[in-house]
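Each remark here refers to the structure printed beneath this line.
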Amino acid sequence: MEHIKIAKVENVSVLHHGTPRPGTLHLTAHHLIFKQHTSPAPPQQHEASAPQLPPHEIWIAYPIIGGATRYSASAASPAHIRLRDRDFSFLQFRFQTDRECRDVFDSIRALSVVKGGVEKLYAYIYHPSPAERKFNGWAVYDAEREFRRQGVGTEQCKGWRFTKINQSYEFSPTYPATLVVPSSISDTTLGYAKQFRSRGRIPALTYIHRLNNCTITRCAQPMTGVRGNRSIQDEKLVAAIFSSSQPGACPTPPHLRSPSPLRSSGSPIPGNGEPTTAATLAPPGRVYGAQQHNLIVDARPTVNAYAMQMLGMGTEDMDKYMHTSEPPCTRIFLGIDNIHVMRESLQKVVEAIKDSDITPMPPNRELLHKSNWLKHIGLLLEGTATIVNRIAVEHAHVLLHCSDGWDRTSQLASLAQICLDPYFRTMEGFMVLVEKDWISFGHKFRDRSGILGHEKWFSERNSYASTAQEMDGAWDDDDDQGTPKRQNQGPAEGAAAFGQALVGQARNFFNAGQPSVEGDDTDLKIKAARAVEHPSTKPKEVSPMFHQFLDATYQLMIQYPTRFEYNERFLRRLLFHLYSCQYGNFLHNNDLERREGKVREKTHSVWTYFLSRRKMWLNEAYDKTADSAGREREINGGRVLFPKLGPGAVKWWAPLWGREDSEMNGAPPAPPVTISTPNSTTTTTAAPRNFTPPRPTVDDDGVDLELPPVQGPMPLPASTLNPVAAVTHLAEGMKSLAMDLPMGASLKRDRRNGDEEEQGTEMT
């Protein structure tokens with residue numbers, strides 16, 4: 001409580017969409033609470049004794065605050081604080097005096113920038129409600145139980161075994177304790193193979209397709225370097241993966257096979273027409289491994305992958321791997337950009353909606369389009385379609401990686417499994433999937449979410465500058481030392497800063513001792529991660545990777561509305577609790593940190609929250625019979641989902657952004673109309689005939705937001721299959737390598753009358 005300079009402030013107004021609401025502001029150790037004053041109307045005679053409803057309350061957990069700016073009082077406006085919250089809402093708190101405003105701002109900053117590690121967060125003191133105490137969310141996932149469900153350890157999958165080589169986390173500190181590897185590969189061979197994969201993240205099993213025993217394995221990039229290093233043990237491990245299992249009588253009919261050994265990730269895939277049943281699939285006369293074009297998927301752009309060779313890493317030398325199976329395996333690059341590009345994309349979305357506290361006007365639709373957010377989601381779905389098609393249609397194995405194998409790899413592996421296995425489209429299955437491919441396989445939740453805060457995300461101003469200047473200041477990460485960014489730089493200073501930034505990017509790129517410019521923080525030393533060694537957020541590590549995965553899952557849900565047991569509200573609430581720090585699942589970067597932080601003993605699982613409110617997350621349109629066992633051999637319209645690609649296939653997730661679907665996915669703006677007169681030519685834009693002003697809407701958390709429609713053709717991303725073509729895209733690729741803009745999204749907690757049980761938050 002030493003960080004709280006003032007615990008209660010009367011006569012505060014909160015401004016949202018330009019509408020002020022008077023109330024009282026409370027500051028507690030873990031929440032900022034605004035209680036709105038009610039305007040009592042004269043009671044009717046028969047209502048004189050009726051109890052008054054409690055006032056509207058807004059609860060904001062400090063980790064949900066993405067940034068804040070304090071303004072001193074001026075002739076134009078009173079002293080106020082603008083908050084940017086991670087649910088893409090923006091609030092302005094207005095105060096009576098500068099002193100109150102400054103004390104509240106200093107308190108919020110001190111409470112949001114956590115020093116001393118994640119053990120200081122709310123999850124370590126949170127006490128669940130009685131309803132939650134009936135469930136044990138930590139029991140949802142058990143690695144051996146899940147892989148046995150997939151078939152490991154059975155007669156059908158004799159080609160795989162469990163290994164405890166990482167039980168103490170010394171083999172690979174960022175990997176789970178239990179791994180599944182080919183039965184023909186000894187732990188001794190694994191010990192040699194780990195030297196060839198970044199951070200010791202060797203190829204390991206994450207999914208077996210029960211219909212044909214084809215697999216998805218995941219790993220990190222190889223350490224090929226500029227000299228083209230190789231590892232016989234790694235090649236042997238990959239070969240064992242590609243020849244691990246018998247597929248059974250499930251070859252692909254000739255008319256469904258790709259026209260060439262390597263299918264482009266943008267090529268057509270089966271739709272939802274008449275099903276192809278087992279009767280059309282004649283048993284093969286050849287042995288498994290002799291008819292599949294097994295695939296190595298590198299999720300990165302080609303330029304980025306080859307540029308990593310300068311840092312001693314890179315991508316597979318296919319001369320060494322292509323003959324690990326017969327016919328030769330192939331490799332594709334999916335062209336999915338790194339964490340810095342994704343952070344910039346989200347920041348542009350935030351810039352488009354950042355004035356929603358002071359005005360009801362719609363956001364900048366041009367910026368929304370330029371953010372390329374939908375394009376990035378489309379790339380994920382296209383990569384997913386490639387993997388699903390290769391496994392379900394072509395009956396081949398897929399080995400998947402990006403740089404370190406914990407960002408894009410987790411996205412693609414998870415999305416592919418949702419499409420391939422109906423179990424992961426149930427609520428419990430989705431929980432298992434998140435635990436397996438995100439939490440246990442080492443997605444850096446603490447770093448990517450920025451839950452420990454950073455000093456740079458809080459700034460102060462003496463006068464009311466433009467919104468664009470104000471919002472840009474707290475999010476730029478020109479250094480990592482917590483020094484606030486200087487505001488209102490002149491042209492000369494700005495040019496000098498830009499030049500220094502370019503020099504810094506070049507130095508990072510060519511200095512092998514620096515973290516990976518590809519964006520996954522690769523280095524050549526594999527160290528045991530310790531939670532206490534990471535006391536603060538690194539802005540350059542923040543990126544919306546898990547957010548994008550949930551968004552892509554939402555796209556699949558609206559494409560196949562009857563095939564998911566859970567609803568989109570379930571996904572939104574899960575993203576909310578990524579930032580709420582109310583539960584222990586997402587506080588750490590890997591299982592080693594969780595063990596050292598005693599997460600299971602000292603915190604509660606987020607799945608407890610969902611299980612205790614199960615009915616809230618059920619999809620009423622769910623058709624369980626569509627995924628019955630009798631349909632597992634159908635190709636078109638069977639249990640497997642094929643993502644729909646193409647222009648217009650990806651839509652804005654309107655409820656997540658707090659908007660109505662018509663506002664987010666409505667008709668695009670009318671094209672400019674040129675009017676010519678004898679003396680002049682005027683260009684104007686006509687409003688569409690059905691135009692209506694945007695109206696506020698209230699989402700599940702009581703946040704009223706609006707956003708106008710934004711729509712435009714989404715170009716189909718393409719995979720670069722030929723390394724020589726990298727030269728053509730060099731400029732674009734180098735730009736993506738240098739991208740280093742901060743994340744700019746936020747999320748907040750809101751409590752209304754009767755919402756305590758649903759929120760599961762107690763007042764501290």
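Just so you know, glycine gets a Cβ as well, placed from its N, Cα and C.
Fair warning: this is a prediction, and the values are worked out from it, not measured in the lab.
For reference, TrEMBL has these:
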type: DOMAIN; residues: 137-657; note: domain 'Myotubularin phosphatase'
type: REGION; residues: 246-279; note: region 'Disordered'
type: COMPBIAS; residues: 257-271; note: compositional bias 'Low complexity'
type: ACT_SITE; residues: Cys402; note: active site, phosphocysteine intermediate
type: REGION; residues: 471-493; note: region 'Disordered'
type: REGION; residues: 664-700; note: region 'Disordered'
type: COMPBIAS; residues: 673-690; note: compositional bias 'Low complexity'
type: REGION; residues: 741-764; note: region 'Disordered'
type: COMPBIAS; residues: 755-764; note: compositional bias 'Acidic residues'
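Every protein chain shown contributes to the tally, and the Cβ of Cys402 (active site, phosphocysteine intermediate) ends up with 29 other Cβ atoms within 10 Å.
The domain 'Myotubularin phosphatase' (137-657) scores a mean pLDDT of 82 in the predicted structure. Cys402 (active site, phosphocysteine intermediate) falls within neither a helix nor a strand when secondary structure is assigned with DSSP, and so counts as coil.
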